[in-house]
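Novice: Dropping the structure in here first, questions after.
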Amino acid sequence: MPSTVILWLRRDLRLDDNPALQAALVDCDRLVPVYVHDPDSEAPWTPGAASQWWLHGSLASLDGALRILGNRLLIARGDSLAELRRIVATTGATRIHWNRLYDPTTRERDGRIKQALRADGLRVDSHNASLLFEPWEIATGNGEPYRVFTAFWRRCAARLSDVTPLPAPAALPPPPESLVSLPLERLGLQPSIPWDAGLRETWTPGETSALELARTFLQDRVRGYATERDLPAQTGTSELSPHLHFGEIGPRRILTMVKERWGDPTADPVEPFVREIGWREFAHHLIYHYPHTTDEPLDPRFAALPWREEDAERMLLAWQRGETGIPLVDAGMRQLWHTGWMHNRVRMVVASFLTKNLRLPWQAGARWFWDTLVDADLAANSLGWQWSAGCGADAAPYFRIFNPILQGERFDKSGAYVRRWCPELARLPDRYIHQPWTAPTALLDHAGIRIGRDYPAPIVDLKASREAALAAYEVVKSAGR
Ligand SMILES: Cc1cc2nc3c(=O)[nH]c(=O)nc-3n(C[C@H](O)[C@H](O)[C@H](O)COP(=O)(O)OP(=O)(O)OC[C@H]3O[C@@H](n4cnc5c(N)ncnc54)[C@H](O)[C@@H]3O)c2cc1C
């Protein structure tokens, strides 16, 4: 009887450094790599439209890579446990391997499935493909989870030399002959109306492009990361986030590439970049230990913060559409809509603007990001929003409210980023590009802009809304007394 093994793939869509795959290959005559499309089991965080777009490309790419090695991807749709059981029944598989996920809903689901399949008599093993260290391996001296990044990362950094990736296999056992896959198109991941031109222009999902991007970035561009990472008009960051989210490349491989090219990952010039990989680890650490933080503030005092009541819907819509009248905010929101990605500096600015100047709940912003980002990641998104709203672990203090004009003047000095995403402002001189409403009328006429007609007037007064936010914060402070 040939030994048949199932490899259940989820957000580990790669062959390189894939521990579940390597474990599945031990004593395996027939390998069944399967992807089960079961978005309902991830509710309320079913993948958004941009994530689905990415997933389609990533699954197609993985299928191609498996075929080169003599196998192929089996695609199924429906309840994960029912589908896995169906595949076990048709193939006679005796073992199943997968790589772990850390967000609350999938953890609960996977635990249930593990128990059920074991009760069916299967051997079931899960592995770590997506993190440098398991969330339970890193703890304070008292055995508690960390809530401060610097201390967390210090503990991780001391162990970076232990981190080694597994190689990609050179060949694979074939799949059982009888298996029929659902055609990828049938999952309906691609949009029926073509809104995705900007995504197609910007991204190539899949492991090959992830490795290539990492190689070119780490070869040289990483040298300028410390200074250029804050300039949204430049490609100063790695843009690896969607590839990392879908597991097309893993952090162990990235770290090893860093070491091979630059030596010590905790020294210049690579330390600032490696530290961001550390923030990704921290985000997973937090979501594992504080699973409620997808919806509730980690700092419970912030549950008392009074959010805006009047006009909230109109304000949220203007923010989502990039029509707030604040150029850096609008440029960011339009970059997001067009490309499915936004520069980190601008993510912080738009999040501060939403939660503080507009006083709309961070959960509404997190939801919009969830639907529109190709890198939408429950761990990083929850951390990013709570950090910006001032209510998370190691967050920016609430009273530090980003001024989007000053942020623009500092990080987009020539206005290149704003001009790119808000072309109606392109003819304004640098001096007014971040605050067009202050420009003299003659100058606006010359640039062909009438505020309120060609570009919105600011939907809030930045100074007054800042003061209102600080006043609302008083409620939080007294909730802590
Ligand atoms: C409000 C808000 C929401 C965010 N939502 C997400 C999200 O849904 N998914 C997501 O991957 N990142 C999110 N981030 C973090 C960060 O903005 C992105 O990871 C980064 O912009 C991705 O670009 P990059 O790959 O070029 O990053 P680089 O600067 O090249 O960093 C390398 C990698 O490190 C990780 N990383 C970098 N910064 C952070 C961070 N602050 N927190 C966690 N991981 C980080 C990412 O995996 C990234 O790909 C959010 C940040 C904010 C402020």
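Cβ from N, Cα, C; glycine included.
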Novice: Phe273, Phe353, Phe399, Phe402: which one does TrEMBL list with Tyr225, Thr237, Ser238, Glu239, Leu240, Ser241, Asp375, Ala376, Asp377 for the FAD site?
Specialist: Phe273
Novice: Going through the recorded positions Tyr225, Ser238, Leu240, Trp307, Trp362 in sequence order, which have a CB under 6 Å from an atom of ligand 1?
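Specialist: Ser238, Leu240, in sequence order.
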Novice: Give the sequence-ordered list of residues that share a chain with Ser238 (FAD binding site), lie 6 or more positions from it, and have CB atoms under 8 Å from its CB.
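Specialist: Within the chain, Ser238 (FAD binding site) has Cβ neighbours under 8 Å at Leu213, Ala214, Phe217, Arg221, Val222, Tyr225, Phe273.
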Novice: Of all the recorded sites given, namely Trp307, Trp362, Trp385, which is spatially nearest to Leu240 (FAD binding site) at the Cα level?
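Specialist: Closest candidate to Leu240 (FAD binding site), judged by Cα separation, is Trp385.
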Novice: Let me make sure I understand the span of the FAD site: among Tyr225, Thr237, Ser238, Glu239, Leu240, Ser241, Phe273, Asp375, Ala376, Asp377, what is the greatest distance between any two Cα atoms, in Å?
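Specialist: Those residues reach a largest Cα separation of 23 Å.
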Novice: Of all the recorded sites here, Trp307, Trp362, which one's CB has the most other CB atoms within 10 A?
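Specialist: Neighbour-count leader: Trp362.
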Novice: Given the recorded sites Trp307, Trp362, Trp385, find the one whose Cα is closest in space to the Cα of Ala376 (FAD binding site).
Specialist: Trp385
Novice: Tally every other Cβ atom lying within 10 Å of the Cβ atom of Trp385 (site 'Electron transfer via tryptophanyl radical').
Specialist: 28
Novice: For the domain 'Photolyase/cryptochrome alpha/beta' (3-132), what are the DSSP-based totals of helix, strand and coil residues?
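Specialist: Going by DSSP assignments, the domain 'Photolyase/cryptochrome alpha/beta' (3-132) contains 59 helix, 27 strand, 44 coil.
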